[in-house]
Amino acid sequence: MKIGFLGFGNMGFALAQGLVHAKAVDPNDIYALARNREKLQARCNILKITASESMEPLIKESDLIVLAVKPHQIEDIIKPIKAKLKKKVVISIAAGMLFEDYEKILQKGTEHISFLPNTACAIEEGIIIVENRHSLTEEHITEVKNIFGSLGLLEFASAEQFPIAGTISGCGPAYAAMFMEALGDAAVKNGLDRETAYRLAAKMLAGTGMLKLKTDDHPAHMKDAVCSPGGTTIKGLAALEANGFRSAVIQAIDAAMGKNG
């Protein structure tokens, strides 16, 4: 299946990186188009994929079109190519755009599905939230699962849960990176070099996540297992609680979801 990216920002690039590195799609079968030609060409050169000159050749060559632009750009981009998209499989990675939105924008009968991927797809350790309502044929949904499943976890969600699931998996990496940076600062303050600090923090986060996935243990139990009476860990946890760590995380998600409280 040949894939064309309409828009090639950080998320589109991350998906293409993952597809190439996982050998899920031949680089010769990936096309990309973006307004910033210099940046587009540089990224395409890295992956050895094709930088398209315009929408017409990209759509003509591609079986599957990834809409990787900002939500407010979707309608203007789709309007002149509606008829051509009807013969393709369309994947949206635009935040906040659901199946029902595309039913109003695309021509009736167009095969389409909505994704919310995260940046770790670039290294085949990502998450892609997939809206469970779509219009793909059985053959095409199987093919899409096989291709994009190589990038990490495919998590299907209802329209109601799609936004919050995407916020956890999509915004979460930034919050985890900030936590990692804070651990690094604390380590440097206490005498450890920054390179070692970041390496330890990154491995700790990755290992803790993998432990949860492999054991299905409850996070509270995982936390308690590290705490001994009067020990260093429980004292650190008490400091986190006193400074509103848990509340800050919840408020960050609420803010990302557009909630005020």
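Along the chain as shown, the residues are counted starting at 1.
A Cβ is built for glycine as well, from the same backbone N, Cα and C atoms used for every other residue.
For 2-96, the entry in TrEMBL reads domain 'Pyrroline-5-carboxylate reductase catalytic N-terminal'. Taken from TrEMBL, the feature NADP(+) binding site applies to LEU6, GLY7, PHE8, GLY9, ASN10, MET11, ALA68, VAL69, LYS70, PRO71. Positions annotated as domain 'Pyrroline-5-carboxylate reductase dimerisation' by TrEMBL: 160-259.
When every Cα pair among LEU6, GLY7, PHE8, GLY9, ASN10, MET11, ALA68, VAL69, LYS70, PRO71 is compared, the largest distance found for this NADP(+) site is 15 Å. Within 10 Å of the C-beta of LEU6 (NADP(+) binding site) we count 26 further C-beta atoms, all protein chains included. With a 10 A radius on its CB, LYS70 (NADP(+) binding site) counts 11 other CB atoms from all the protein chains. Within 10 Å of the Cβ of ASN10 (NADP(+) binding site) there are 11 other Cβ atoms, across all protein chains. Computed over the domain 'Pyrroline-5-carboxylate reductase catalytic N-terminal' (2-96), the whole-number mean pLDDT of the model equals 96. Its Cβ taken as reference, PHE8 (NADP(+) binding site) is surrounded by 26 other Cβ atoms within 10 Å in the chains shown. The DSSP breakdown of the domain 'Pyrroline-5-carboxylate reductase dimerisation' (160-259), given as helix, strand and coil counts, is 81 helix, 0 strand, 19 coil.
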